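Asks: Quick one: the structure is below, questions incoming.
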């Protein structure tokens, strides 16, 4: 049973504000064409200022959680901004780190880095393995680490670990958690395993050259690290923590990048998703109850947990100091200042084993120790209940021992030891009565045990000799009456369905005198209107299968089953009677349950009735034979 457990960071802390760090890229090249130098500079470790574009003699100041100037190293960025949130994922909570900023501001360098200067992603994964190793030695938990890697390119979700995959759907389960059916999830045991998977997958990411960047990211990349820890001892709690490491594509001004053709389409999709991200932040910060447009973009749909969700989130805003990036930098700083006002609500995602339901104890257990003798009415009620249980043939023999009587006797004996002499006489009477009841119950129990043995012996004899059952049903089975005309002349059996249907209008039609040909046609029309027995649909259409060769029919069925088990979204939509919705449902079913063992398993798909299945089979088998 999955449950939410509030985070315990501090005293009753149930919210976590999005932490915002700003990193300034070093000034690249000589002075720009205006010969004005950088447009932004840092004041201290948390404050910076940028020139006011309305009045060059003034500046606009910003305050953030952390400010990294152009001399800050990769290690310092990781230690101050990312490392503090990583322990949360080992306690079943989620954490998110994403880089934001204009193109050419250094987002990919911050997240990926190089072999000499690793970025946030390799350092964070290495730190997770380090934390798991320390925790595994100290605590009684077993840990499992897995990874998934995807990109959002032109509003399509693509699996970077499986480049041949098509556009993947985004789903939400009953616990409001976002997941992607069909996304590859690989278990990793050490950092070298991660490196072997991550480096080739990163090369699959879509990049291109523009006027502002020789290797510009044309997609948003999201790396998911999932840590599952299971308690070794009872109640075997399971906690699942997720770490999202996100490298966003940069917003672009096509007038400066010179994008044309496919580059222009890519930048349009990137800018649209970042604009939707801006609207999400505005909606979360709005005091009015407005709709948060998470579903307007694939990016915001996947970041639903990071902004306004249940994650401990850190946003690293990358900016450039050159004047030609002024408006991009100004917009990024404004977005960062709004994002630090967003509040998340982290919780622990924990699953515990469902405990066994406790047996309801008799009320006598709670009252025997605190009262002297039982009321006379209550004793009569218990005796009456005991007699009913003993007389009932369906009650079990173990219930005859009446443990409440034994407990009552022990309680009375304890009270007798503590009471005064004047009450001992009444106590002894109650004890004698209780002993008498126990003796009677034992005799009844022995009697029922003897009867049970006799019944077992009789059952064994009946099963060996194969006698008739003890209860014989002399009622004649239900049969359909046949008319005398039908028994006399078999050639008139064509009107038999009219008698079976028992519908008054049909019986009147059967009386009409017509030629034999017309009667046969009329009967066929009426029989088509009769509802099939047992609720079966499309009973008439099943006859086409018997007209086909068995080997050809079986080969066609195997081809359809193969497409259902291994086909992509496009191949599934190529089947007859399968649209986009049904194809995605089949992919989701396949992700949860595995391959279809037989074609009839398709009936478990939502909306696939028996009639639709019959039409689906006929259309696809005939189509396969036509090819």
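Sequential numbering from 1, following the chain as shown.
The backbone N, Cα and C atoms fix where each Cβ goes, and this holds for glycine too.
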Asks: Can you say which of 439-459, 460-480, 481-501, 502-522 is given as region 'Disordered' in TrEMBL?
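Replies: Per TrEMBL, the stretch marked region 'Disordered' is 460-480.
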Asks: Could you tell me which of the ranges 354-388, 424-458, 529-563 is annotated in TrEMBL as coiled coil?
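Replies: Going through 354-388, 424-458, 529-563 one by one, TrEMBL flags 424-458 as coiled coil.
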Asks: Write out the long-range same-chain contacts of residue 101 (ATP binding site), meaning residues 6 or more apart in sequence whose Cβ is under 8 Å from its Cβ.
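Replies: Once residues fewer than 6 apart are set aside, residue 101 (ATP binding site) is near 107, 248, 250, 317, 318, 319, 320, 328, 332.
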Asks: Around residue 104 (ATP binding site), how many other C-beta atoms are within 10 angstroms of its C-beta?
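Replies: There are 24 of them.
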